[in-house]
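Features of the protein shown, as given by Swiss-Prot:
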type	residues	note
SIGNAL	1-20	signal peptide
DISULFID	CYS39-CYS96	disulfide bond
DISULFID	CYS53-CYS142	disulfide bond
DISULFID	CYS55-CYS70	disulfide bond
BINDING	GLY56, GLY58, ASP74	Ca(2+) binding site
DISULFID	CYS69-CYS124	disulfide bond
ACT_SITE	HIS73	active site
DISULFID	CYS75-CYS149	disulfide bond
DISULFID	CYS76-CYS117	disulfide bond
DISULFID	CYS85-CYS110	disulfide bond
DISULFID	CYS103-CYS115	disulfide bond
ACT_SITE	ASP118	active site
Amino acid sequence: MAACHRILLLLSVAVASGAAQKPPLTKRGLLEFGGIITCSTGRSPLSYVMYGCYCGLGGKGWPRDKADCCHEHDCCYGEAETLGCQTKTDQYRWKCEDKKVECDDLNDKCEKFLCKCDRDAAKCLEKAPYNQKYLFWPSFMCGSEEPKCSIY
């Protein structure tokens, strides 16, 4: 579960250093997710580093709203890890066209799976209204009940 949160923290550093500026076709591993968020939503991945109960460091309780998509992303990465994928280091190529992430031509099972995880999470973020009140949401307000990954 904490994988998404570590990813978002690393993304914030990458974005701050200008690493999110990508050529049309990119291969970068862990930092894919930040670029995919920007492609799909037009927002900086920093907007989600401490959003709700799952987007950011840690992760517990019940997601606050539809934009608190990181629990589902954590579950997807967990499934990828059971397939032997290295969610922090495996790389894949993708491109952004008209706010759509394209990575359908990948052949490697881990590349395909990780791209799907990142693309689905970014689509979730794109569709959901961004609620400013959940930025910097305190974890003590998240409760102790958590959804199971099987709900997705």
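Cβ atoms here come from the backbone N, Cα and C positions, even for glycine.
Annotation note: CYS96 (disulfide bond) sits in a strand segment as assigned by DSSP. Using a 10 Å Cα-Cα cut-off from CYS53 (disulfide bond), none of the recorded positions among CYS96, CYS110, CYS117, ASP118, CYS149 qualify. The separation of CYS149 (disulfide bond) from CYS76 (disulfide bond), Cα to Cα, is 8 Å. Cα spacing between CYS103 (disulfide bond) and ASP118 (active site): 11 Å, rounded to the nearest whole number. Recorded residues CYS124 (disulfide bond) and GLY56 (Ca(2+) binding site) have their alpha carbons 16 Å apart, per Cα-Cα distance.
In this structure, the disulfide-bonded residues CYS55, CYS69, CYS85 were compared by how many other Cβ atoms lie within 10 Å of their Cβ, and the smallest count belongs to CYS85. Among the recorded positions CYS55, ASP118, CYS142, the ones whose Cα sits within 10 Å of the Cα of CYS69 (disulfide bond) are CYS55. Of all the disulfide-bonded residues listed here (CYS115, CYS124, CYS149), it is CYS149 whose C-beta has the fewest other C-beta atoms within 10 angstroms. Neighbour counts of Cβ atoms within 10 Å were taken for the disulfide-bonded residues CYS39, CYS75; the minimum is at CYS75. The separation of CYS96 (disulfide bond) from HIS73 (active site), Cα to Cα, is 20 Å.
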